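One structure follows; several queries about it will come next.
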Amino acid sequence: MKLCATFLLVLVTLPLVTGEKSSERSLSGAILRGVRRTCSRRGHRCIRDSQCCGGMCCQGNRCFVAIRRCFHLPF
């Protein structure tokens with residue numbers, strides 16, 4: 001138990017000693033600010049593939065289930 005407490009203490013104080021500033025873009029910071037990154041489901045609006053949930057592609061501004069890897073025709 002003492003080893004665990006010591007380890008946590010070192011992790012907390014290490015950035016203070018090295019002079020690092022904590023990032024506001026950390027996951028815990030996002031949770032505290034209420035920022036959530038969610039994915040769009042099938043049929044929902046999207047702009048790019050990364051906005052759709054896993055295994056889906058963005059085509060025609062809507063997410064759809066992809067049988068194969070996402071591809072886009074050059075228009």
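Heads up, the Cβ atoms here are built off N, Cα and C, so glycines get one too.
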Cys70 pairs with which of Cys53, Cys57, Cys58 in a disulfide, per Swiss-Prot?
Cys57
In Swiss-Prot, Cys46 is listed as disulfide-bonded to which of the following: Cys53, Cys58?
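That record, Swiss-Prot, gives the partner as Cys58.
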I'd like to know which of the disulfide-bonded residues Cys39, Cys46, Cys63 sit within 10 A of Cys57 (disulfide bond) at the Cα level.
Cys46, Cys63
